[in-house]
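Scroll down for the structure; my scribbles are underneath it.
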Amino acid sequence: MKLPIYLDYSATTPVDPRVAQKMSECLLVDGNFGNPASRSHVFGWKAEEAVENARRQVADLVNADPREIVWTSGATESDNLAIKGAAHFYATKGKHLITTKIEHKAVLDTMRQLEREGFEVTYLEPTTDGIVTPAMIEAALREDTILVSVIHVNNEIGTINDIAAIGELTRSKGILLHVDAAQSTGKVDIDLSKLKVDLMSFSAHKTYGPKGIGALYVSRKPRVRIEATMHGGGHERGMRSGTLATHQIVGMGEAFRVAKEDMAAENVRIKALSDRFYKQVENLEELYINGSMTARVPHNLNLSFNYVEGESLIMALKDLAVSSGSACTSASLEPSYVLRALGRNDELAHSSIRFTFGRFTTEEQVDYAAQKVCEAVNKLRVLSPLWDMYKDGVDISKIEWAAH
């Protein structure tokens, strides 16, 4: 077994060999290297054909019309384009937007920017399980609400929001719904012919495709209009200018094709791995699962080990690639804002580790990881005076520490 072991599939995934093969065919002089916008020769036509084939493959996974798929540089750009694009286009109808406190930073920071431009944003608090309900959204609606943005599968805790029910509500009120689905492709069924979703963001690198490419679903029926945030040659029907990266687009298409083919079997396998891992660590004292046990993807186990500092646990697990918080924010020493929104105290938020399993995770790796986690937690607790106090029956939350 090779070390270190990668258990951070929610941060990024390796490119599937089938995807890499297809991408490599679009780079060299003997390959399909043309500019898809070159209309005057066969190199351009071939590249355009490959791009449109990939567009169909992405649309097929989510049961959309290929004409509703707009290429972007990733889910961050898709979130920006969807939220800013819709807010600016429909600003004359209203200036109120609704989102949740547990969105990805790409949504939260986009909302913050719109607040600086004069929009008003309501940030909803989830349940302690990490779920946002239609009732919460309904209670926050106003006459001037134009857009609701809700994450589908949470990147930190893996919980799944009921997008179908939320879509019924927003559509009945004539309000646009944007969904960040970066973490859900290949994990959860998405049927955009049934879901009442207006805008949906996708990423390739969370689904065994390359980094630097994503897509935005923009509904045609009912027709949704967005203002471009990137200006230039008018590519992608004017919504997103810039020469299309054929090799990355082809990679995303193939990744989504494979996801559609393998999803059912892969979910069963990963659920078995996740359960196997949890069974081996669940007897640790003061262990907490963050997020709903039922409405979550099996790929994600976010655990808090009380009386152990998450950062020191990560250092102790030097042969495991895991994370505390999300990859985008875990460089800061602030406790995870997602866990704080769930009502976790600072200590539990700081002691959290996200284990995420994927296509290339094996039983052997999971067993090794579980063993190392148990050893490290027990070892660190032996060193912890707080653990001693807890074992002696002291209620640590009642202690007033002297300030230096």
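Note that Cβ sites are derived from N, Cα and C of the backbone, with glycine treated the same way.
The annotation active site, cysteine persulfide intermediate is assigned in Swiss-Prot to C328 on the grounds of sequence analysis.
In the structure as shown, the Cβ atom of A75 (pyridoxal 5'-phosphate binding site) sits within 10 Å of 26 other Cβ atoms. Annotation comment: Swiss-Prot describes A75, T76, N155, Q183, S203, A204, H205, T243 as pyridoxal 5'-phosphate binding site, evidence class sequence analysis.
Residues or ranges marked as [2Fe-2S] cluster binding site in Swiss-Prot: C328.
Around K206 (N6-(pyridoxal phosphate)lysine), a 10 Å sphere centred on its CB holds 27 further CB atoms from the protein chains shown. The annotation N6-(pyridoxal phosphate)lysine is assigned in Swiss-Prot to K206.
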Using a Cβ-Cβ cut-off under 8 angstroms and a sequence gap of six or more, which residues of the chain neighbour Q183 (pyridoxal 5'-phosphate binding site)?
S10, I151, H152, V153, N154, N155, G158, K206, V297
Report, as a single number, how many Cβ atoms besides its own are within 10 Å of the Cβ of A204 (pyridoxal 5'-phosphate binding site).
29
Counting all other Cβ atoms within 10 Å across every protein chain shown, which of the binding-site residues T76, S203, T243 scores highest?
S203
